[in-house]
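One structure is given here, and the rest of the page talks about it.
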Amino acid sequence: MAPRNLTRSARQPETMQHDRLETEERPLLSEEDQCSDDHTTRKVKSFRDPSPAWAILLWGMFAMSGGTFVVPEFNANLALVCHQRYAPSTSQPGQSLGKLTLMEELELCLGDKNAQADVSRLIVYCQFTAGILSAITAPILGSLSDRIGRKPILALSTTGILLYNAVMLLILRYPDAIDVRWILVGYAIEGLGGTYITAIAASQAYITDLSSPRERATLFSYIQACTSLAQAAGPLIAGILIASINSFEGIYWISFASYLLLTLLFLFVLPESRWARSATDDRGINLDTTLRENPLQQVYSSCKSLWESSANRRANLAILAVIEQFVFAVMTCLPPLQMAYSSYLFHWHPTTQSFYMALVNTWSILVLVVLFPVIMTIVRRHIRRKRNRTHSTVFNTGELGAIRTSLILQILGYAGVAVTRSPAWFIFSSLIFACGNPVTPLLTSSLTAHVPSEHSGQLLGMLSFLHAIGRITIPTALNATYSVTIGVFPQALFVVLAGSVSGLFLASLCVKHHGSGSSR
């Protein structure tokens, strides 16, 4: 009996290892799942049936609302800060400095360095408040959407922004009675609703419920296209609204109405997708077991799993993740700083700022949609013709070179803004660093190429956590830099950006080109 037990004990590790490997190699979505998803997609027959088109349409409306009110929001904050700095109290609410409106007061404060520093600090506090709360609530709301459906979570995200608009309307209506710092309450409410991070995640989850894996990449690209279009067209719409209405309060009433409409559409018009999936695949509910875990525990597990790889791959993952986090955070916080910089140095009116933002974002879309794919196609064909002996499966199509080139373009753009105070050169330099925007999809593609396909979800979860941290730390540092140096050397912000991206470029030189492929 003893030898038999010893033999069984010796074989047990082999059996456990075989079971573990079999589990890891099992696809995340079985053929049954794919067939189920295909059936769900084909089953749409009427307007009231759930469909990915619903999520794309409503997200497009959501993104357009956000893109339209970026410029008015910054200028409303600047006008309120200026008003309460130089006219702390008057007898008639809504009027100050000789009975000027807030829009007229803004004209007097565009070049005021003290008001610029104050609004920069206010933006830091607002972003920190919303960022911290959304980092806490977003994972909870994502888990909740698997139990109660996507509609309530989408409606909650727009309700948070709706209530923020209500707070802004009160402050704009009574700027002498309500302190500008009450804006933080509005941002806190928006953060508790999850902000746009929860909205886009719930929209993607809605699409996932109703599509097969091979369809999702195309459908998600439509979501990104809606976002890019909103960033380009939104400022143009804002410029028209500012020129025609000439009232911050009137513009915020339009914003309030748009988010109220979105909330009602999410609640009463959008068909629920979660139940459509559950009807064909009850196993989707089992995701709750994983999603109930502590978000920090999930991040730790993901990092530990991804770190258990070769030394070269670990180094590549760390370097590329840091670069991706910084670039994402800068893209999030840079537009308000660009508007603050242009209003201080060039005294640009909000209408001019709107056209500037539209020009830069339109050029960015052209680069991403037209120039970048053509250039990468040419580079890949050239590399295929001259492919040398290498066993790398990560950087064999020009991605690493394109990442470094994009970083160089961003360095040149930031440095161009820093060396001159010419409006024309500011616009030209902005177009130069917009040429470096393809670095974001390149980094994501390269990161996912470093891990097996069964770990790609863990990788993206880790990146989402890094994004949440980056949206708090990096905007805080950049806004603090701007507020401190605005009266001495306004270009210091862009010197810091050029220096930081230069450091990231040097770090990218340490990424191993060969021998770091993932085992797919």
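Every residue gets a Cβ built from N, Cα and C, even glycine.
As written in TrEMBL, here are the features:
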- 1-45: region 'Disordered' (REGION)
- 1-15: compositional bias 'Polar residues' (COMPBIAS)
- 16-29: compositional bias 'Basic and acidic residues' (COMPBIAS)
- 52-71: transmembrane segment (TRANSMEM)
- 53-515: domain 'Major facilitator superfamily (MFS) profile' (DOMAIN)
- 122-141: transmembrane segment (TRANSMEM)
- 153-172: transmembrane segment (TRANSMEM)
- 184-207: transmembrane segment (TRANSMEM)
- 219-245: transmembrane segment (TRANSMEM)
- 251-270: transmembrane segment (TRANSMEM)
- 317-337: transmembrane segment (TRANSMEM)
- 357-379: transmembrane segment (TRANSMEM)
- 400-419: transmembrane segment (TRANSMEM)
- 425-447: transmembrane segment (TRANSMEM)
- 459-482: transmembrane segment (TRANSMEM)
- 488-511: transmembrane segment (TRANSMEM)
Grab the same-chain neighbours of the transmembrane segment (122-141) for me: Cβ-Cβ under 8 Å, and only residues 6 or more beyond its ends, written as numbers and ranges.
77, 81, 153, 156-157, 180-181, 183-184, 187-188, 190-195, 197-198, 201-202, 291, 295, 298, 333, 336, 468-469, 471-472, 475-476, 479-480, 483
Short question: most Cβ pairs under 8 Å with the transmembrane segment (251-270), which of 52-71, 317-337, 357-379, 425-447?
52-71
Could you give the residue numbers and ranges of same-chain residues that sit at least 6 residues beyond the transmembrane segment (357-379) on either side and whose C-beta is under 8 angstroms from one of its C-beta atoms?
70-71, 228-229, 231-236, 239, 335, 338-339, 397-398, 401-402, 427, 430-431, 434-435, 437-438, 441
Highest-contact recorded stretch vs the transmembrane segment (488-511), from 153-172, 400-419, 425-447, CB pairs under 8 Å:
400-419
For the transmembrane segment (153-172), distant same-chain residues with Cβ under 8 A (at least six beyond the ends):
58, 62, 76, 80, 94, 102, 141-142, 144-145, 178, 180, 182-183, 185-187, 189-196, 198-199, 202-203, 206, 248-249, 252-253, 255-256, 259-260, 262-263, 266-267, 270
